[in-house]
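Feature annotations, reproduced from TrEMBL:
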- 90-212: domain 'Phospholipid/glycerol acyltransferase' (DOMAIN)
- 12-39: transmembrane segment (TRANSMEM)
- 308-330: transmembrane segment (TRANSMEM)
- 336-356: transmembrane segment (TRANSMEM)
Amino acid sequence: MGLLAYLKTQFVVHLLIGFVFVVSGLVINFIQLCTLALWPISKQLYRRVNCRLAYSLWSQLVMLLEWWSCTECTLFTDQATVDHFGKEHVVIILNHNFEIDFLCGWTMCERFGVLGSSKVLAKRELLCVPLIGWTWYFLEIVFCKRKWEEDRDTVVEGLKRLADYPEYMWFLLYCEGTRFTETKHRVSMGVAASKGLPPLKYHLLPRTKGFTTAVQCLRGTVAAIYDVTLNFRGNKNPSLLGILYGKKYEADMCVRRFPLEDIPADESGAAQWLHKLYQEKDALQEMYNQKGVFPGEQIKPARRPWTLLNFLCWATILLSPLFSFVLGVFASGSPLLILTFLGFVGAASFGVRRLIGVTEIEKGSSYGNQEFQKKE
């Protein structure tokens, strides 16, 4: 085992990476709080500043995927589609099967220059999560309770606010509403049968109201829908902890572009279009399982150095005083001071582990187990 490979498995290294991410995130959140003063002066300046602040935080996670674990991401699409990337507002539809599916999406956002301005329709509980939820708040992310009667006005208002967003944005929708599990799939397919819809083998029944509302509210702003179907070679099921340990994965992403004018404008027609899309996604998944590849040309966008340089910059700023402080603590010889420091390290380790736990499937919400049984 080489030195770098050995370091990737060491807890103390993981703790230092977590320290840099958490402390830099708190600094960024404080700066974002200060930028609220810009809103009444120039809303667009506020947005541009916060896009760059968010990039400085999110790119640290992308760095782990691209440079630490050296995970490779391959697009299966055509060059004409790639030529549009980063040059238009779009809605992204991504299957929700893996713990790091969002991270693979962020990698593509970074490589095409839209990471800081990427958006998502997120569950409201995440608003209370430090760093992640707080940063999203300043980015005008649309949060919802996943109860449509209560969410309708909030979602519509939030989407309409984005109509004049100054940076090209990729707005992510997990139309299945929750991560795929066998239990949720059984319940979901029971609902599909009751509605006379074709069964899906690899996806949950898409929830159409969020999609149709997004299409209606963003029509005139968004140029296209990007349908993305993600898989990992070798039937791997990667995790953020695996990335932190330096495990390398190979992600394949089938991307199809649909101009928004091709999507029916009425709610019923858009819902039918979405159901048909998921039947096609299921067929793509079946093809991948049988052949190990998606259809289309294989394109590997080059990774950029900015994520690595950003992390190294934060590490230099934050770790130098940390090392000086630690040396001072142990040089003091004070048992109380040393024990206090070790207690702080333990608490920090627990906090970082809880942040990672947000991505874990087995610790995900039970949403979908009963919600699919309710009338959409």
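Using the three backbone atoms N, Cα and C, a Cβ is placed for every residue, glycine included.
TrEMBL: automatically predicted annotations, no manual curation.
Tertiary proximity for the transmembrane segment (12-39) is limited to same-chain residues at least six positions away from its ends with a CB under 8 Å from its CB atoms, namely 45-46, 49-50, 53-54, 56-57, 60-61, 64, 130-131, 134-135, 138, 244-245, 311, 314-315, 318-319, 322, 345, 348-349, 351-352, 355.
Secondary structure of the domain 'Phospholipid/glycerol acyltransferase' (90-212) per DSSP (helix as H, G, I; strand as E, B; remaining residues coil): 58 helix, 17 strand, 48 coil. Note on the domain 'Phospholipid/glycerol acyltransferase' (90-212): mean pLDDT across this stretch is 90.
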